[in-house]
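Student: First, the structure itself, so that you have it in front of you.
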């Protein structure tokens, strides 16, 4: 499995470099940059290293950051009891069924009805659920949510999305610097640095926003796969029941679910007005996909 991931990583990197080279060649950018003192090869390498490197550093730190930012309390199976012990046992059983190493299991205290999985690899992953989810969902629905999150781990979605984010980062850095450099050559010498700096910041923000649409699209496709994987583990009806409960929860009036129990970027999403930027498909679409599947 690791050989496949390394191969995918290397192939992706090669494709990024080749694509950038083709684009710059077609547009005739290379000779122009060389004539104005900007080495294209060095820029490609710089953007690639920083773009991909930054994404993978984030992946390596993902468990630590999730625990710190969400206040996740890791369950110790040796001392756990009651609901915590039951949650741990469910994850343990589902992980075994999915042929996965046992992930860390945690709970974070929040009224939101949500869960997430993170971590740099299948052997170093974390599955966490909110206290609000445990209060609202019954056993079958909780298992559906856990199966969905473990399917993310089994599918290697954290690594896949990191690769995609790294590619987007590399392109954002490359083209923002190319365009800002070109703009700076159109003004007087004393203004070039200021123009290059400001335009690079503005373009980086703009391209990052556009790039997030690409990342969100791929994220939505992974959600459908995780739903399908979860259905294989616990059955289609349990997965549908979990998503139906989420839909009812988020359709409820705000005072019935708590002001903080709003849609987040984990298992549920309700960003209708920004559908292109949503990392999760609408719950209705996910439920329909499961109903039309053979799981």
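Cβ from N, Cα, C; glycine included.
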Student: For the Zn(2+) site that Swiss-Prot describes with 148, 152, which of these is also annotated: 223, 244, 284?
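Tutor: For Zn(2+), Swiss-Prot names 148, 152; of 223, 244, 284, the listed one is 223.
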Student: Could you tell me what the rest of the chain brings near the transmembrane segment (198-218), counting residues at least six beyond its ends with Cβ under 8 Å?
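Tutor: Counting only partners 6 or more residues beyond its ends, the transmembrane segment (198-218) has Cβ contacts under 8 Å with 160-161, 164-165, 168-169, 171-173, 175-177, 179-180, 183-184, 276-279.
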Student: Fewest neighbouring Cβ atoms within 10 Å: which of the recorded positions 149, 223?
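Tutor: Counting other Cβ atoms within 10 Å of each of the recorded positions 149, 223, the minimum falls on 223.
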Student: What Cα-Cα separation, expressed in whole Å, is found between residue 149 (active site) and residue 223 (Zn(2+) binding site)?
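Tutor: Per the Cα atoms, residue 149 (active site) and residue 223 (Zn(2+) binding site) stand 10 Å apart.
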